[in-house]
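What TrEMBL lists as compositional bias 'Pro residues' is 287-296. Per TrEMBL, the feature compositional bias 'Acidic residues' maps to 299-310. The domain 'Sodium/calcium exchanger membrane region' annotation in TrEMBL covers 106-280, 325-468. What TrEMBL records for 287-310 is region 'Disordered'. Sequence annotations record features per position, and here TrEMBL assigns transmembrane segment to 79-98, 171-191, 211-229, 266-285, 320-344, 356-383, 389-414, 426-444, 450-470.
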Amino acid sequence: RKRVNEEMSLITTEASPSLSLIENGGGSDKRTAELSRSNRRTVQNLSATSLMRNRSDLKLISRVRWEFMKRMLTNLQEVLLGTKLFLLFPAVPLAVVAHRYGCPRAWVFALSLLGLIPLAERISFLTEQIAFHTGPTVGGLMNATCGNATEMIIAILAVGQRKMRIVKLSLLGSILSNLLFVLGTSLFFGGLSNLRKHQSFDRRQGDMNCILLFLALLCHTLPMILRFATQAAGGSATNATNVLVVHPTRNEDGSDVLVLSRASSFLMLFAYLAFLIFHLFSSSLTPPPPPPPPPPQREEEEEDVYDDNVSDKEEEEAVIGMWSAILWLITMTLLVALLSDYLVSTIQDAADSWGLSVAFIGIILLPIVGNAAEHAGAVIFAFRNKLDITLGIALGSATQIALFVVPVTVLVAWAMGIEMDLNFNLLETACLALSILVTSFTLQDGTSNYMKGLVLLLCYIVIAVCFFVANSPSAETSTTNHTLTKRYVMFTN
C-alpha cells in the first residue's frame, strides 16, 4: 500500500504543467510555474542550431595561462568548430580567391553557395546566444528579425544591382521551400519514424500562420490583377477602318501598381508587428487546448529513442559572452554580404554554364542550399515527434519572409530610388497561391502522418519540374508581360 501511494504521488508530480495550472487556479505551485517557464523558453529559443552544434572539448584550452587568450580560443572553438558544418567553412576563402584571380564564374557561384550554408547557421546560433543574455522577449524579437538575414541580404544586394527578377525569384523560392519542401520532408520522415505513435500539434499555430500567409497572398495578387486590368481596360480601340489602335494610358508605366505595392508593404509590416506582439505576449496568456486522446498503445512498446529532454536542458546556457556574440554576428553578416554579392553577380553565368534557367536556380537551388541547416533541424525535430517546433521553423520562416522580408525589400528599393512592386508574374503567383492552399488544408485537423508529407513533397517536385522546363527570361524588366497583354487585347478586340 505504501508503494502504491508513492507511485501515485510520483504520477501527480510528473503531471503536465498546464493541467496543474488549471487545477490550482492559475498556478500557485512554484515548481509548476518554473516548469511552465522552462517549457516556454525551450519552445521559443530552441531551433535548428542546437542540433547542428558539436560538443566542445575545452580541456586543451583550459591549460592556457593567459585569460584573454583562453577566452579568444574558446570563442574561436565555439563559433568556428562548434557546428557540424565546419567542414564547409573553407568554401568562404576559396570563393574570395576564385573571384579575385578570375576563375570561372560558375565556380565562384558554387563556392559562394556552399559558403553561405555554415554562415547562415552561425548567424542563427549567434542570435540565440545574444537572446540568452537579453531575455526571451528581446531574444524573440531578434530571432524574428534576424532569422532570415541571408535572404534579406541577398535581396537587398540584388536590388542594388537592379536585378528585380532575381530578388522576386529568391524570395518566392524561400516561401515555397519552407511550405512544401521543409514541411513535407519533416512530416514524411517524422511519420515514418513514428508509425506507432499519435502525431499531433497545436493547430492554433498553423491557423495563425496560414491566415497571415493568405494576407500576404492577397497583397501579391492584387498588384498583378491591377496591372492586367488597367492594361486591358483603356489601352485599345478600333477606328473607322477597323484598324486596332493601342492608346497609352496613365497606368501604362505601372505607377498605380507601385503605389499599391508600397501601401501593401506598410500594411504587411504592420500585420507582422501585430503578430509578434501577439506571439510574445498575448498567446502566453491563454491556456492551450487539451490535446486529443492518443490511441491505445501496447505496454511493451519500446522507449522513445529520440527523447532529448536532457540535451534540451543542456542547451539552455550561453557558451560565449554577449559582446563577443555581437562582434561575431557583425563579422558573419559582412561575410554573408560579400558572398551574396558574388552570388548575385554570377547567377546568370552559372545558369548559362549549367544549362539551367535563372528561375530554377532562384526558386529551387538557392533556398534549398542556403537554408540547409534550418531545414535539417526541422526534419530532426519531426523525427523526435516535436511537430510544434517543426511547424515553428517551417511556417514561421515562410511567414517571416512573406510579411517582413518582402515588404522591407520593396521599401528599401523605394528609398534607393528603384521601382519594385509586388507583382511576381502569373506563374509565380499561382504557385504561391496553390502552395498556401495545400499547406492550410494539410494542417487543418491538427494531426500528421507520412502521407501528408508525401503530398507536400510531390507538389514541390511538380513546381520544380515546371520551372526547370520553363525557359524563364533572365531580363530584369517585365516588358514581356506588357507585350503579351497588348497582344491579348488586340486579339480579343
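Any Cβ shown, glycine's included, is placed from N, Cα and C.
Just so you know, TrEMBL annotations are computer predictions that nobody has curated.
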Original post:
Does the transmembrane segment (426-444) reach the transmembrane segment (266-285), going by 3 or more CB pairs under 8 Å (6 or more apart in sequence)?
Top reply: no
Original post:
With an 8 Å cut-off on Cβ pairs and a sequence gap of 6 or more, do the transmembrane segment (389-414) and the transmembrane segment (171-191) reach 3 or more such pairs?
Top reply: yes
Original post:
With DSSP helix as H/G/I and strand as E/B, how many residues of the domain 'Sodium/calcium exchanger membrane region' (325-468) fall in helix, strand and coil?
Top reply: 120 helix, 1 strand, 23 coil
Original post:
What else in the chain is close to the transmembrane segment (356-383), if you only count residues 6 or more beyond its ends and a Cβ gap under 8 Å?
Top reply: 47-52, 83, 85, 113-114, 116-118, 120-121, 124, 150-151, 154, 165-166, 169-170, 172-174, 176-178, 181-183, 185-187, 189-190, 193-194, 306, 343, 347-348, 350, 389-390, 393-394, 397, 428, 463-464, 467-468, 470-472, 474
**OP:** State the residues, same chain only, that lie 6 or more residues beyond the ends of the transmembrane segment (171-191) and have a CB under 8 A from a CB inside it; answer 'none' if no residue qualifies.
**Re:** 148, 151, 155, 199, 213, 362-364, 366-368, 370-371, 374-375, 378-379, 381-383, 385, 387, 390-391, 393-395, 397-398, 401-402, 405-406, 409, 424, 428, 431-432, 435-436, 438-439, 442, 448-457, 459-460, 463
